[in-house]
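Trainee: I'd like to ask some things about the structure below.
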Amino acid sequence: MTDLPAELERVHMVGIGGAGMSGIARILLARGGQVSGSDAKESRGVLALRARGAQVRIGHDAGALDLLPGGPTVVVTTHAAIPKDNPELVEAARRGIPVILRPAVLASLMQGHRTLLVSGTHGKTSTTSMLVVALQHCGFDPSFAVGGELNEAGTNAHHGSGDVFVAEADESDGSLLQYEPDVVVVTNVEADHLDYFGSTEAYIQVFDDFAARLSPGGLLVACLDDPGSAALAQRVAARGLPGVRVLGYGSAEDADGAFASVDGVEVGARLLSFEARDVGGVLQFQLAGEQSPRTVRMGVPGRHMALNALAALLAAREAGADVDEILEGIAGFGGVHRRFQFTGREHGVRVFDDYAHHPTEVRAVLGAAADLVRQPHEADRRESEDSVRSGKVIVVFQPHLYSRTATFAEEFGHALDLADEVVVLDVYGAREEPLPGVSGALVALSVSKPVHYQPDLSQAPRQVAALASPGDVVITMGAGDVTMLGNQILDALRAAPHHHPSR
């Protein structure tokens with residue numbers, strides 16, 4: 001007996017090891033479904049799914065559709081990662097098996113729940129994860145589907161016993177318009193995924209259309225510090241959708257400093273200050289209707305994370321959670337896999353890894369890194385006060401997608417200028433074919449700080465180790481295989497313990 005509609009009782013997933021697909025598979029298995037799938041390579045995610053009962057084949061061929069007795073009732077795929085000539089999709093068409101996209105499955109799994117969906121150009125995964133952790137701390141057991149692994153839970157999805165479903169709503173292909181949300185969080189809105197949408201206007205419109213899908217009595221939570229999401233909030237408030245409320249958060253004030261509203265949008269939470277402390281910080285803010293500010297110690301760095309915390313707070317409160325307990329949960333939030341994740345420390349050099357692959361994300365992460373380098377590791381304080389004061393930020397940046405690199409090369413260069421030293425790798429093409437004249441060198445040309453273009457990924461760890469000194473912070477950055485370099489950089493630092501370049 002399953003807790004699933006008939007069409008989802010036997011599901012085959014093409015690309016099952018991906019972050020989004022593996023999460024859906026976990027929920028299907030937990031609800032009694034039979035799941036098979038294929039992926040290009042073995043991974044930790046694939047092994048975890050096998051342990052839960054999924055039948056997974058490495059490589060793609062038509063025979064994968066026979067992994068489940070009786071074959072699948074439906075085949076699930078994604079727009080971006082799986083080509084239409086994939087042999088499993090071709091075989092599904094030949095057999096007359098329906099092929100649907102991942103968001104359609106997620107929308108079906110959400111039915112019967114109160115849905116809290118987090119959208120925006122950046123910050124979706126971190127905000128969604130923070131919201132989940134806060135609700136769990138408050139005694140809720142929400143179902144959730146997130147684009148990255150929560151450090152606390154070690155998973156990206158869960159079938160909960162409660163009536164709340166929290167999910168990251170991906171706008172990259174417009175698929176978020178399949179959802180029917182009760183609460184929508186919008187962290188920011190600015191041009192991205194233009195290879196799919198074709199224009200900035202079309203990209204922005206998808207957020208308006210998403211907000212219009214809010215249920216009567218629903219809530220839109222939008223960041224007022226971001227021009228794009230603030231404008232969205234103003235449009236939705238002016239439109240007067242039936243029963244839909246709009247709450248803003250951020251540090252922005254109207255002309256007379258009033259708390260009640262900014263440009264017609266009610267302010268639910270105002271950020272008063274964020275002070276970096278060690279690898280986190282202290283957030284001071286005020287909630288609407290309260291006379292006194294509140295303070296919470298956060299375990300993740302960066303002002304952007306402080307804003308994400310306010311978004312999670314307002315959404316969790318709307319779900320019925322207690323504010324004090326929400327803040328305790330936020331204080332205990334340890335981050336998400338590949339979101340300013342600590343890799344290790346060697347000879348006074350701290351190495352972090354981050355998924356940032358858009359200029360705005362790069363700026364936010366490097367801003368947090370600059371705060372961090374001014375808050376040195378306790379061991380560095382003991383070893384040398386001089387080295388602590390002279391620490392610098394070194395970023396190893398791998399551009400993601402040729403189309404995005406061509407569009408944003410100059411903006412990437414300006415964003416990377418927030419680091420003290422920059423190593424630019426070649427483009428990680430993922431699903432795209434190379435474009436003439438587009439490479440990492442295009443980004444490096446726009447960097448005004450000391451920059452090194454390194455097209456050979458294998459040479460980067462030794463190069464970075466030669467640049468680094470005690471007190472420095474190194475960040476490997478990008479959505480591709482740059483993530484593998486963190487431990488290799490630590491190995492290179494161990495191999496050259498006495499080499500510290502002059503500043």
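Backbone N, Cα and C atoms are what each Cβ position is placed from, and that goes for glycine too.
Positions annotated as ATP binding site by Swiss-Prot, on the basis of sequence analysis: G120, T121, H122, G123, K124, T125, S126.
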Trainee: Per DSSP, to which secondary structure element type does G120 (ATP binding site) belong, with helix, strand and coil as the options?
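Mentor: Assignment for G120 (ATP binding site) reads coil.
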Trainee: Given the recorded ATP site (G120, T121, H122, G123, K124, T125, S126), which additional residues of the same chain have their Cβ within 8 Å of the Cβ centre, ordered by sequence?
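Mentor: Near the ATP site, beyond G120, T121, H122, G123, K124, T125, S126, sit V118, T127, T187, N188, N308, E361.
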Trainee: Within its own chain, what residues at least 6 apart in sequence put their Cβ under 8 Å from the Cβ of K124 (ATP binding site), listed in sequence order?
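Mentor: Once residues fewer than 6 apart are set aside, K124 (ATP binding site) is near V118, G147, E168, A169, D170, T187.
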Trainee: Far apart in sequence but close in space: which same-chain residues, 6 or more away, have a Cβ under 8 Å from T121 (ATP binding site)?
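Mentor: Set apart from T121 (ATP binding site) by at least 6 residues yet with Cβ under 8 Å, we have E171, T187, N188, V189, E190, D192, G228, H358, T360.
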Trainee: Please identify, from the binding-site residues T125, S126, the residue with the sparsest Cβ neighbourhood, meaning fewest other Cβ atoms within 10 angstroms.
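Mentor: Each of the binding-site residues T125, S126 was scored by Cβ atoms within 10 Å; lowest is T125.
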